[in-house]
Amino acid sequence: MEQTYIMIKPDGVQRGLVGEIIGRFERRGFILKGMKLLTVDKSLAEKHYADLSTKPFFQKLVNYIVSGPVVAMVWEGKNVVTTGRKLIGATNPCESAPGTIRGDFAIDMGRNVIHGSDAVESAKKEIALWFPEGIAEWQSCIRSWVYE
Ligand code: UDP
Ligand code: MG
């Protein structure tokens, strides 16, 4: 089953949106496979966003991610990478539709509350980077009520 890396960024934690965000993924039918709250050091933030290292906003982005604790999660389900991105909304919250997480809770791009992997391959890399210890092995008993 497909997995994605979802991270509630420091603003989402500070603003008390952790339960709200987890609830949206849970209610959709996705399964929580890994979760931890951690403060991020600069080198981990830089590795996570390595693809963006040449962008003018890179330093600001790294400072944002290390500015407070984040909630790192692995969510599992059919098409969870793409559907997770849809739940999250567009990168720029001004362009995120109402009903999406960013569309409901954010305004600025540098305070957009949540990260989600953009492809199955990057999800694998990000899960390995953030959960080197591995993730929980469990089967949800709601599976047959969500999938036909
Ligand atoms: N970002 C920013 N300014 C920009 C583009 C991106 O501050 O012009 C930040 C924003 O927080 C975004 C993150 O950098 O979520 C990673 O950018 P990406 O293009 O990967 O967007 P995402 O995948 O998070 O939607
Ligand atoms: Mg991205």
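Glycine is treated like the rest: Cβ placed from N, Cα and C.
TrEMBL annotations:
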ACT_SITE  HIS115  active site, pros-phosphohistidine intermediate
BINDING   LYS9, PHE57, ARG85, THR91, ARG102, ASN112  ATP binding site
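The structure, with features from TrEMBL marked on it.
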residue : record                                          : CB count, 10 Å
LYS9    : ATP binding site                                : 24
PHE57   : ATP binding site                                : 12
ARG85   : ATP binding site                                : 18
THR91   : ATP binding site                                : 12
ARG102  : ATP binding site                                : 23
ASN112  : ATP binding site                                : 23
HIS115  : active site, pros-phosphohistidine intermediate : 20
Integer Cα-Cα distance in angstrom, THR91 (ATP binding site) to the residue listed as 'active site, pros-phosphohistidine intermediate'
9
DSSP-derived structure type at LYS9 (ATP binding site), helix or strand or else coil:
coil
According to DSSP, which of helix, strand or coil covers HIS115 (active site, pros-phosphohistidine intermediate)?
strand
Rounded to a whole angstrom, what is the C-alpha distance between HIS115 (active site, pros-phosphohistidine intermediate) and ARG102 (ATP binding site)?
10
